[in-house]
Each structure stands twice: as C-alpha cells, then as structure tokens.
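Accompanying notes for the structure given below.
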Amino acid sequence: MTDSLEYNDINAEVRGVLCSGRLKMTEQNIIFKNTKTGKVEQISAEDIDLINSQKFVGTWGLRVFTKGGVLHRFTGFRDSEHEKLGKFIKAAYSQEMVEKEMCVKGWNWGTARFMGSVLSFDKESKTIFEVPLSHVSQCVTGKNEVTLEFHQNDDAPVGLLEMRFHIPAVESAEEDPVDKFHQNVMSKASVISASGESIAIFREIQILTPRGRYDIKIFSTFFQLHGKTFDYKIPMDSVLRLFMLPHKDSRQMFFVLSLDPPIKQGQTRYHYLVLLFAPDEETTIELPFSEAELRDKYEGKLEKEISGPVYEVMGKVMKVLIGRKITGPGNFIGHSGTAAVGCSFKAAAGYLYPLERGFIYIHKPPLHIRFEEISSVNFARSGGSTRSFDFEVTLKNGTVHIFSSIEKEEYAKLFDYITQKKLHVSNMGKDKSGYKDVDFGDSDNENEPDAYLARLKAEAREKEEDDDDGDSDEESTDEDFKPNENESDVAEEYDSNVESDSDDDSDASGGGGDSDGAKKKKEKKSEKKEKKEKKHKEKERTKKPSKKKKDSGKPKRATTAFMLWLNDTRESIKRENPGIKVTEIAKKGGEMWKELKDKSKWEDAAAKDKQRYHDEMRNYKPEAGGDSDNEKGGKSSKKRKTEPSPSKKANTSGSGFKSKEYISDDDSTSSDDEKDNEPAKKKSKPPSDGDAKKKKAKSESEPEESEEDSNASDEDEEDEASD
C-alpha cells in the first residue's frame, strides 16, 4: 500500500459551489487545498467517523463525516480509482467505503433526521436530500411551518435562498414538533446574533476599504463593523489570511484581512478589509474570561489584560480567535529602506509588498498574488532614457497584472528578489521572438527584390531632382532681394508718418493725403499678389523641361537576377494565374522568387551581365547633347532665364532696391536714380506706361517658350516609347 494518494483535479462542495483544488490523503489526515483562494482544510484521521461513496452527475465522490457532525463532500474521481481508493481508506482509516443510496422518486414528503450538523430528509431508508446546517443563516417558525434561510455564495450562478417545511401537528406528542425542529436547527446553524458580551471593542478605527470609520466589536465566532451608514457581521471562518504591513514612510501600519466570501456594499464586493493605524496610538483591553477559560479554551495564547499599540492588540486577538497566522513583509528591503515599493496599479497609486510566498498590493484595489498562481513576470519599459519601469505579472489563468511607474532604483532590488524566488522572467532575451511568425517580419531583407519599394525610390529620386531645380530657380530670382537696404531705421524712429511722406514725395502731382496713401497701399498689395502668382507659374514652367534626353549610344544597364528570372517565367505565371493583372505579376513573381531555393543560374547570368556593363562603360564616351550635356545645359539655360540684367544690378547699388515690378525702361531709369539719391525718399514711383508695355511683351513671349518646352517633352516621350 502506498503511503499517500494525491489528486490534482478534485472539487469540494462549499456552500452550494464545487470549488476545484488538490486532495491529498495520508494515514494521518485528509488535506484539501482550494486552487482559487489557497485555503487549506485538514481533516484529522482521528476525527473521521464515516466515509461513504456517493454518485454525482457524471462522476462519483466521497462523503466524509466527522465526529463533530461536519459533512465534507469531494467529487471528480474516475471510475478506475474506486477500488484503489477503497483499499487505501480501509488500510489507513479502518473504514469500509460503503455506497450511499439516494432516493430518486421525486417525493416531497418524508422523515427529517438530524445527524450532527446535517439535516437528512429520508424516505424509508434512502436519502432524498441533505442540508448542512452550517449553511443556515436564519430559522423562522410558523403555526405548522419552519422556514430555513441560507447564506449566499457569490460564486454560485444559482443559489438556494430559503426552504419551507410543513410539519403536521401530533396531539399525542409531549413536545411541539415545530419547536423541536427549530431547536435542532438552531443548535447547529451558523446564525450570527450579537447577543451576549463582546470579547473586545475598538472604537473609531479607520478603514480604507470599505472607506470610513467603524467601531469593531469582536465576538467568539464573528466580528462586527458598525459605522454611521453601514453595519457588517463577518464570520471568523470567512477570514482567509491576515497581513500586517508597514507604510513606506513608517508612520502608519496596514492591517489587512482577506475575506471569502466578500462583504457587499450595494453592488460592490470587498474581498479585503484594509485597516490603517498610527503606530503611536496605544490601548489597553481586558478580556471577559477567567484565567482557567483562557488556559483551557485558548491554550494560554491570550492574557487577561492586553496593552500596547492598537494594531498589535487587535492583531493578537484576531490571530487567536480566527486561528490564522499574521503574514509580515518578509526579507525584502527596497531602495527606500522599507519593504514597500511605490507604484501604480490601474488608475491609483499604492504600494507593492514582495512577501515570502507572494505579492500584495495596497490599497485601491487591494490584490494578493500567490507564487503558485504566477506563470511569469516581466520588466517592461525599462530603457535607459526612462526614469521608471513597469512590472508585469502573468498568472496561469492568463490574467496580467501591471504595476507601473516604479522608480528605476528599485529595479536591481526587485530583480534580485525575483531571481532568489526562482520566478520565471519572460524578457531575459530568450523570448524576444515575438514577431517571428508575422508575415511582414522579414520585410527589411535587402537581398530580396521588392518591386513596390523600387518604384517608391525612383519616385523619390525624381522628386529630389525637381526640388533641386526649383530651389535653384528661387535662389536665382531672389539674389537681388535685400530688404535691409530699402529701409531707414532713423526715418522710422523719428518721422511721424513715414509712409505718407514717401508717398507724397513720389507723387508727381504733389497732392498726397490719407486717401491717396490707402489707394497706393492697395495697388502695392495687388502687385505683390501678381508677383507671387508669376513666381509660381515660372516654377511650374521650369519643372516641365527637366526631363532628360536619352543617349542612344549609352550601354544598357545590368539586369538583376530577379528580373532575368521574371522575364523567363512571366508567361508561365500568366498561364498558372489566368486573369492576373499586369501590376500583380511582379508581386506574384517576388513571392515565387523568395520560395525559390536554387538561384545560382540567374545569379551567374546577372554577374556576367554586370561585368558586361562595366566593360562597356569603360569604353563609352558620351555623345554631344547627351545626358550630361543636356543636364548641364538645361540648368544653365534656367539660370540664364532668371539671371538679373546689368541694369538691375546697377539700380540696386544705391541706398534701396527695386523689385521687377518697379523697373522701367532706359529713359525712366535715370530719373528714378536721381530720385533714389534723395535721402528723404524710400519708395520708388509706381510703374510707368513703358513698364506695362514691357510686361505685356514679356508675358506674350512666355507662352511661346512653354509651348516649345512642351513640344520638346512630347518628342522625348515618343523616343522613350520607341526604345
């Protein structure tokens, strides 16, 4: 016989819900550990009174009845385990595993039998159903009725609220059967009543969740939170764990109680009670027990009078009454010298405490993570430029908890702690293959041809060439633009009306005023607009003839291996993919080229073609009017078009400058120069009739030039098509 049996996927019944966990059976005890809450229940071998097997839906299970009258039910065993389990129970606990027969006739009348803390409703010798009395929260009697109310489990999708029993009156009975039924139920029911004297009372205790100040009254089986608005009664057996944690500034203490089931405030459930204490607050309480009761009932763990800081006194009383040890922060010490690591969880800031067997976060919302729940941890966003990092915890059920904004100084301490606890870190360099299976993961491979990328590069080169041509035009037209030479700082500072003076002086009639100045301003604005439009048109015209003329004698460029292969397989691609678009052939060919393993034939041919190109280029001499000459000639012609005339340069050598709109013919230039030499005048005269005629002639000649350019470009396109 084996010393123990262990099952990893067994369900235990907890208030109408089957909770999964691990069951271990040894000669000394039966241990069940809840997977979700981590709560451990132990049944000593000496306390076992009866063990039966029972059929459940789709499986079978065990009924373990203790001498104290408590019933435990475990389900999820395979049929093949029945014989093996029966032999182990007989050898370890000296019990015969007899099957419990159930009545399935559907009758709703029978006999109520009380066995320990279980109400069994039987018909003849078979059980119809069983009610654990520890699940009963209230029992109310009527004339011939008894109503049982039950504690609710939030994890249960459907719960039993109440059950009514009709008990017929018996005249010959000495006792009323209704009262007797009520007494049997109440003797074993988990009814919370605040009758009797409390063991200890703590006044005005600050609680962070649920927020408020409450008076805490501690009784033997439960404790009560009494606030201004809400009142809670919490059974001692619903407390899973106790935590005593110091605040980061060491001026406060957190006392945390983990609850299952949680308390409810409206629709909000609180799985943790977070109490906040000041370390310097002290109290003294006297327990209402004699020395003999303290020694017999609590094994001498409590004294008659307890004094000290409030959190220590409450923690000591809770620890003994609940029967759970208090968990501290452990050996971890952070950069701040305390066990707390400042961080943010979800939308609120709080503190993360690395414990000996898990993590706990306080306080909004509180969260406890056990090591056995953790799949991996990750240090995220911890680059050199950032001053903080994120700590991600991934659970085995797929849930990810992210603690963000942790100071960079905590990284080394936290990493050493993770290494010491042997937790799996997911970003150590081995797991950086996140994009391996993505289709676009190898798109940056320069050895593979990409038709779309080549087209984009060609367009970018053409655009750069056009931009260079445009920039040279703009630079050449703006060579004479010297605004600082046209203004007089002294005149602007000391003249009362600089613009009106200059306008009056330049007016031939000599009758300038406010209205005349406004008109001239409008004329100048319109002239500036015309100038901008003209520049824009000139830029468009200069871009058109930028096309290069091909040199027919220039050697043909070398063809790549991909293009050689594509030219040979183009027809086969069309046959295999009927109806394929011309634009899709290159894309399909690129995919086939990537899958092609043996490319040596095409690569050798491409190498020969490349050598041929280099040899021909060595002996090649450009023809007159070829690419290089055309290119230079095109740019020089553009510069000649926009090059300023000598008369303009002579005009700009004075105290001010003149733009194109104000340049007149030779007759008016001398008069303008004389006027420019006068120190009080800063702006030139409006354009004369001669200027207008000159502009008209120039504008008529420009369309002719553009037509010639367009004809030349059309001829180039025809040459390219013929090639």
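Glycine too: its Cβ is placed from the backbone N, Cα and C atoms.
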According to Swiss-Prot, which residue among Thr642, Thr669 is annotated as phosphothreonine?
Thr669
What residue among Ser385, Ser443, Ser488 has an entry for phosphoserine in Swiss-Prot?
Ser443
So one of Ser80, Ser426, Ser659, Ser664 should carry the feature phosphoserine according to Swiss-Prot; which one?
Ser664
Could you check Swiss-Prot and say which of Ser506, Ser572, Ser628, Ser713 is marked as phosphoserine?
Ser628
Name the residue among Ser526, Ser637, Ser671 that Swiss-Prot annotates as phosphoserine.
Ser671
For the DNA-binding region (555-621), the mean pLDDT of the predicted model:
85
When the compositional bias 'Basic and acidic residues' (586-621) is classified with DSSP, how many of its residues are helical, how many are strand and how many are coil?
30 helix, 0 strand, 6 coil
